[in-house]
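**Student:** One structure, as structure tokens, below. Some questions next.
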Amino acid sequence: MTADQELQIIVRQGKEPNPTVQDERNSVSSSQAEVSHSNTYKRWLRVTLYTFFVISGQTVATILGRVYYDNGGNSKWLATVVQLVGFPVLLPYYILSFKTHATTDRDGKRTSPRNRVLVYVVLGLLVGADCYLYSIGLLYLPVSTYSLICASQLAFNAFFSYFLNSQKLTPIILNSLFLLTVSSTLLAFNNEESDSTKVTKGEYVKGFICTVAASAGYGLVLSLQQLAFLKVLKKQNFSEVMDMIIYVSLVASCVSVVGLFASSEWKTLSSEMENYKLGKVSYIMNLVWTAVTWQVFSIGGTGLIFELSSLFSNAISVLGLPVVPILAVIIFHDKMNGLKVISMILAIWGFTSYVYQQYLDDKNLKKNHGITTTKSSDPPEAEESRWQSK
């Protein structure tokens, strides 16, 4: 064999990849793909669970609030307190889970206590005022009109998210927002006469204005929560979600309790319970379960902000609004008509549009991640040879 032939063989061998190295690359790539699919599956499983919490919690809590008012309840501040004071039911699970999450989430810098307290106090004050406005609206407005105005929170949230969270309003998202808003708007043409027989025109206007203000406030709170997760807390984990729910609820609960005593409504609670049409036990159980179901809603809403965005969380909330009249057919024996059916169909359509946009975003993210991984998958030797050839 000549020297030239030996040199050619050596060059060919240098160009051929090492089988062991190639197998290792394939194994790593395969394991990364499996982890990615597993994480995506778990993420959408959590999104589904949070969605169920939002819809079921909001629906049951709203119906219980209507039952409270229809059967002799009249305290707006008490209705506000029960929306917020149920957060201690989360403490046992939070304490049991704290050690696990504390040991797995050690990702650098911690937020200063001053900034953290400021976030919880500001959000707590806003949530407390917001819940009080919602209580006034539910007292004076029919359920259908109340649901209509609450749907405007989606538009307010889109407005605030555009400026605070850099939310992109794609045509699909705009279509979703339009459908969800129209879905709830249709309920305005289905007012039940029995809801407004004891409400004066002035009280009706008061309820309308308060509910609009509450919807704007709720849209702002959701955008501020998302901003706090990204800019102030700078962590996206279980502990931060639970801290947000518990401490914000604590501050808001203090606000509502102060309001209850400052307004002197607490003096009428004993007589209110005595005269409650369904009895004392039903009165207490109504308040307890209203508190629990609002916390279920809070977990779902905050979880959706954590997983996706405040706008998606609000879209799910609006999706649940047409469910209230549907359940009213079963519980209160209201009549089902075409408007309620169309409203539900449009709500599902709008929700599907929004989920489809999330699917497209995830698909683009995976594609971009795959390109980045491919570019960075070359071995150091190859990178070095390319650099030396330049």
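Glycine is no exception: its Cβ is also placed from the backbone N, Cα and C atoms.
Copying in the features that TrEMBL gives for the protein in this structure:
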type	residues	note
TRANSMEM	47-69	transmembrane segment
TRANSMEM	75-96	transmembrane segment
TRANSMEM	117-140	transmembrane segment
TRANSMEM	172-189	transmembrane segment
TRANSMEM	204-224	transmembrane segment
TRANSMEM	244-263	transmembrane segment
TRANSMEM	283-306	transmembrane segment
TRANSMEM	311-332	transmembrane segment
TRANSMEM	338-356	transmembrane segment
REGION	370-390	region 'Disordered'
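Thinking about packing and proximity, how do these listed features fit into the structure?
**Tutor:** Within the chain carrying the transmembrane segment (75-96), a Cβ under 8 angstroms from the stretch's Cβ atoms is held by residues 61, 65, 68-69, 127-128, 131-132, 134-136, 138-139, 242, 245-246, 249-250, 252-253, 256-257, 259-260, 263, 265, 268-269, 272, 287, 290-292, 294-295, 298-299, all 6 or more beyond its ends.
Sequence-distant neighbours of the transmembrane segment (204-224) (same chain, 6+ residues past either end, Cβ-Cβ under 8 Å): 122-123, 126-127, 129-131, 133-134, 136-141, 145-146, 149-161, 164-165, 196, 301, 305, 310-311, 313-314.
Same-chain residues lying 6 or more positions outside the transmembrane segment (244-263) and placing a CB less than 8 Å from one of its CB atoms are 75, 77-78, 80-81, 83-87, 90-91, 94, 120-121, 123-125, 127-129, 131-132, 225, 228-229, 233, 295, 298-299, 302.
Beyond the ends of the transmembrane segment (283-306), by six or more residues, the same chain brings 46-47, 49-58, 60-61, 64-65, 67-68, 73, 78, 82-87, 89-90, 222, 225-226, 229, 236, 240-241, 244-245, 249, 272-273, 276, 312-313, 316-317 to within a C-beta distance below 8 angstroms of the stretch.
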